[in-house]
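K.L.:
So TrEMBL lists these for the protein:
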REGION    464-484  region 'Disordered'
TRANSMEM  133-153  transmembrane segment
TRANSMEM  165-187  transmembrane segment
TRANSMEM  260-281  transmembrane segment
TRANSMEM  358-378  transmembrane segment
TRANSMEM  408-428  transmembrane segment
TRANSMEM  508-530  transmembrane segment
Amino acid sequence: MELVSRRDPHLREVVWFAACCRALTLLLQARCLLDFSPLFFFQALFNLLIPDHAADAFHPPRLSEPGLWDLLLERLLGGLSHWDAEHFLFIAEHGYLYEHNCAFFPLYPLSVRAAAEGALWPLQRLLRLRSRLLLSAVLLNSLFSVLAAAALYKLGCVVLQCRRVAFLAAVLFSVSPANVFMAAAYSESMFAFLAFSAMWQLEKGQSWLSGLLFSLASGVRANGLINAGFFLYSRGKCFALQLQVGSGSVRKLPPLWKQLLSVASSAVLMCAGIFLPFALFQYYAYVRFCGPGTGLEQAVPKPLLQLALDKGYRLAAMDGVKPPWCSQRFPVVYSYIQDAYWNVGFLRYFELRQIPNFLLALPVTLLGSWAAWTYIIANPRHCVTLGLERRKSEEEGKPRAGFCCPAVFVYVVHATVLLAFGFFCMHVQVLTRFLGSSSPVLYWFSAHLLQEYEPLLWSEGTGNQTAAPRSEKSLLGKSPGSCGKGTSENPIVRLLLNCRFITPLGKCVLGFFLSYWLLGLILHCNFLPWT
């Protein structure tokens, strides 16, 4: 495949569209806009029809009186500080004061605090720390989401060997069903950027840079640990394919024991690097909550102490009483919090009253399952052999392109593992953002469906696309499986401008993305439960 140049028009369009979508998201969620803005009517209608819900969620008291600029910023961006965002902002401001804060990993709140104290330092006379933290979180997430879209495009070009599908997938990421969590003070945008970048670097053969990025990702979210599987598979596949080389190449290879030693040592080092942030954080929590009392509760502000008493939150070294997880053989605070505070476990969410949440997760569950099934049907032998068998197409240098190409196998396995774990062991409604920020397969498969079954995307017209194609010939200007360069025109914009002619499948795919994009924004910003 031709290398992506720095002046790649597809990449420019991906970055531009992602930035525009992020700006639109911020405008739509703002609590107050200038009266002449056409978006003011929609936001006012949302707030009138769907007032803020009095949710029983973590909501710590503010320790300082807000100023005029603080109140204005809260009106503009306050919708992005709800639910788990309160935890991240609280940690960035006060550290890991309460035990259940340890469910949220430190790299994202540390980055938010660094940006608030560094880049936004000139605003300290206008905004209190909490307001600067919220502003820095929104700005960082806007940046990370745009960079994640670019990284996904680059990754797709390398893995799919089909720039058209990679471009469409990256554009779909910009209207992700998990959109609101990419904008709010959550860690999803940062994780997606680090994970997609690490995958891209690994595909390019940059193992050490990939390992560093995967390691940083595991400091953002716990499911970053699963990414170690990419490196293990990459090393294992290289070793297996080396064993299958022709007899003429045997002399060029080192002895088998040296190959084994090299593979094992690199795998151990990389996995240790990926697991290191998790282990360090668990050790930090153990020292903080299981170590001898330090009189820390004496330094805790009274409002936060009172909140701990009212809600039953456990403070670090409170009264010298150690939490039960401290006495476990492997004292892992993360798994304890998931179990004790949120009742996360195998089949624990399978209750009749959770049916609405299962329905909420139904679209992404069906899409993920369909992606796995499509890939298995297209590559049965490749799946049975785990992709470790050298194929004739690879020997000839002509691997299949698109979603069903051999290189996608490990990504499908990764997405399927996340889907199964999330469906059976987690609060199922988080599946949409869980998969949307962790796996490229959701976007690759959706792009594959649109490219294969949406005739409007088969033509290469660059002019005005608001009218229906004049003939079947113009529709079929490019075959659905074509993987040429294609035009840099935004395919999502083309489909929306021709919405009357979109196929039912295309309407379902775009309907899922766009409806969750908008509904999530409306409900989440009004403190109503969402994914």
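Glycine too: its Cβ is placed from the backbone N, Cα and C atoms.
Describe the structural surroundings of these features, if you would.
P.N.:
Long-range Cβ contacts of the transmembrane segment (133-153) within its own chain (Cβ-Cβ under 8 Å, at least 6 residues beyond either end) map to 10-11, 14-15, 17-19, 22, 26, 73-74, 77-78, 80-81, 85, 88-89, 92-93, 111-113, 115-116, 119-120, 123, 127, 166-167, 169-171, 173-174, 182-186, 189-190, 192-193, 196-197, 200, 440, 443.
For the transmembrane segment (165-187), the list of distant contacts is 10, 13-14, 17-18, 21-22, 25-26, 29, 79-85, 88-89, 104-105, 107-108, 112, 133-134, 137-138, 141-142, 144-145, 148-150, 152-153, 155-157, 220-221, 363-364, 402-403, 432-433, 436-437, 440, 443-444, 446-448, 450-451, 457, 483, 486, 488, 490-492, 512-514, 516-517, 520-521, 524-525, 530-531: same-chain residues at least six beyond its ends, Cβ to Cβ under 8 Å.
Residues of the same chain lying 6 or more positions beyond the ends of the transmembrane segment (260-281) and with a Cβ under 8 Å from any Cβ of it are 102, 105-107, 207, 211-212, 214-216, 218-219, 222, 224-225, 227-228, 231-232, 235-236, 238-239, 254, 334.
With a threshold of 8 Å between CB atoms, the same-chain residues lying at least 6 positions outside the transmembrane segment (358-378) that come near it are 177, 403-404, 408-409, 412, 415-416, 419, 423, 428-429, 431-432, 435-436, 441-442, 444-446, 448, 512, 516, 531.
If you look at the transmembrane segment (408-428), the same-chain residues 6 or more away from its ends with a CB under 8 A from one of its CBs are 159-160, 199, 223, 226-227, 229-230, 233-234, 342, 344-349, 354, 357-358, 360-361, 365, 368-369, 371-372, 375, 379, 382-383, 386-387, 434-435, 438-442, 444.
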